[in-house]
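A.B. asks: Just dropping this structure here.
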Amino acid sequence: MHKLIIHGGTPLKGIINISGAKNAVLPIMAASILTDKLHITNVPKLTDVSTMKDLLRSHGADIEIIEHQDEFELIIDTKNINNFTADYEIVRKMRASIWVLGPLLTKYGKAKVSLPGGCAIGARQVDLHIAVLKAMGAEIEIEDGYINASSKGRLKGTHFVFDKVSVGATINAILAAVLAEGETMLFNCGREPEIVDLCNCLITMGADIAGIGTSEITIKGKDSLNKASYKVLSDRIEAGTYMFAAAITKGDVKICRIDYHIVENIALKLIETGIKVVPINNGVQVTYEGKLNSVDLETNPYPGFATDLQAQFMSLMTLSSGVSMITENIFENRFMHVPELCRMGADIVVRGNKAVVRGVEMLKGAEVMASDLRASVSLILAGLSTNSKTVLHRIYHLDRGFQDLEKKLSNCGADIKRV
């Protein structure tokens, strides 16, 4: 099994280009089921993308892959979909597999999807997905670990209020509603840029969607959607990760191919800590200027601070000048990186959904183990900050969400290699 060896202590300096957003491309790929052909560009080279390709092919899709140096193009032809079951062997690898449920059900009137897998960071139940589809007229039962869904005729437009903000359920609801009969109004929706990107892609395909980027989305169902081409937006989580990498290594990095407005809340939090962050053409520049203040943080649905960046921010705060309180409001089990950071000398105490981080002068290298995607990269950031050697095990998580991570860091001076 591969591992990463990191020799820290070098400030990162240079340019990092951001890849396409994983959390946007996966639902957009699922949306291809709604039409006959979808051409997607700026597709990141990630194992989760490969898993979604395998899933779509298992349903009968034909996928042409055009490889470029930094991205894929995908041409997905779904006119011959003939299998409506998403098997456990594929779905267990990635929770995003559940996003084929809405498209299959709304277009073909039936779907059977295994209960999903992915990172072990909380329950992330499918109750809201099922509830909104039932509100559209679907008949759904869970049997033998599968969601069995069917509808008599087309799904029907509905008014639905999500009990809590759910990105995944918002996406499935939108994917189902675009071909439902009549008007669907969704309340308390996720507002994430990746949801906006999905909606913009669906509009390119001919969907009628209003309220994009707000908590209230209105969709007027169409009889069919068109072929289309669409470029996926860049990954704000990847961008934020490298912004924190620049800060924790006392570096100076230009992070390019990202719109500043979707990383502005990250930039503002870094500025609070004393890091210099300025917008530049096609990106943002992050520069350490000699101090790192302790700052409290709460994760919340967008436009709040992303839970997917909480672990990276915590790594940064382990070296801050005081005490910070980090509150995790999204997932109940997202502090699994804490014991590993403590192995490296961090002073962190977890109390329920809160972590108290007391800054130390320096972390030290150690052998550590990744528990999930975002935790793994937080340990890399910690390793880069030390003046010694860190060995990170179970790095297969990284390839699910970060394209060319070692290359991008090495190009900025990091000593990091996979063995």
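Every residue, even glycine, has its Cβ placed from backbone N, Cα and C.
These came from Swiss-Prot, pasted as-is:
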type	residues	note
ACT_SITE	Cys119	active site, proton donor
BINDING	Lys22, Asn23	phosphoenolpyruvate binding site
BINDING	Arg95, Lys164, Val165, Ser166, Val167, Asp308, Ile330	UDP-N-acetyl-alpha-D-glucosamine binding site
MOD_RES	Cys119	2-(S-cysteinyl)pyruvic acid O-phosphothioketal
A.B. asks: By a simple count of other Cβ atoms within 10 Å, which of Asn23, Ser166, the binding-site residues in the record, is least packed?
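C.D. replies: Ser166, out of the binding-site residues Asn23, Ser166, has the fewest neighbouring Cβ atoms within 10 Å.
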A.B. asks: Just to be sure I understand the packing, how many Cβ atoms besides its own are within 10 Å of the Cβ of Arg95 (UDP-N-acetyl-alpha-D-glucosamine binding site)?
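C.D. replies: Step by step: centre on the Cβ of Arg95 (UDP-N-acetyl-alpha-D-glucosamine binding site), count other Cβ atoms within 10 Å, giving 18.
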A.B. asks: Quick one: Cα separation, Lys164 (UDP-N-acetyl-alpha-D-glucosamine binding site) versus Lys22 (phosphoenolpyruvate binding site), in Å?
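C.D. replies: Per the Cα atoms, Lys164 (UDP-N-acetyl-alpha-D-glucosamine binding site) and Lys22 (phosphoenolpyruvate binding site) stand 23 Å apart.
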A.B. asks: Return the residues near Val165 (UDP-N-acetyl-alpha-D-glucosamine binding site) by Cβ distance under 8 Å, restricted to its own chain and a separation of at least 6 in sequence.
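C.D. replies: Looking at Cβ-Cβ distances below 8 Å from Val165 (UDP-N-acetyl-alpha-D-glucosamine binding site), excluding near sequence neighbours, one finds Asn188, Cys189, Gly190, Ser215, Pro301.
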A.B. asks: Using a 10 Å cut-off, grab the number of neighbouring Cβ atoms around the Cβ of Val167 (UDP-N-acetyl-alpha-D-glucosamine binding site), all chains included.
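C.D. replies: If we count other Cβ atoms within 10 Å of Val167 (UDP-N-acetyl-alpha-D-glucosamine binding site), we arrive at 18.
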A.B. asks: Report the member of Lys22, Lys164 (the binding-site residues) whose C-beta atom has the most other C-beta atoms within 10 angstroms.
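C.D. replies: When each Cβ's neighbours within 10 Å are tallied, Lys22 leads.
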A.B. asks: So how many other Cβ atoms are close to Ile330 (UDP-N-acetyl-alpha-D-glucosamine binding site), meaning within 10 Å of its Cβ?
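C.D. replies: A 10 Å sphere around the Cβ of Ile330 (UDP-N-acetyl-alpha-D-glucosamine binding site) contains 22 other Cβ atoms.
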A.B. asks: Roughly how many Å separate the Cα of Ile330 (UDP-N-acetyl-alpha-D-glucosamine binding site) from that of Lys22 (phosphoenolpyruvate binding site), to the nearest whole number?
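C.D. replies: Ile330 (UDP-N-acetyl-alpha-D-glucosamine binding site) to Lys22 (phosphoenolpyruvate binding site), Cα-Cα distance: 19 Å.
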A.B. asks: Looking only at C-alpha atoms, tell me how far Asn23 (phosphoenolpyruvate binding site) is from Asp308 (UDP-N-acetyl-alpha-D-glucosamine binding site), rounded to the nearest Å.
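C.D. replies: Rounded to a whole number, the Cα-Cα distance is 11 Å.
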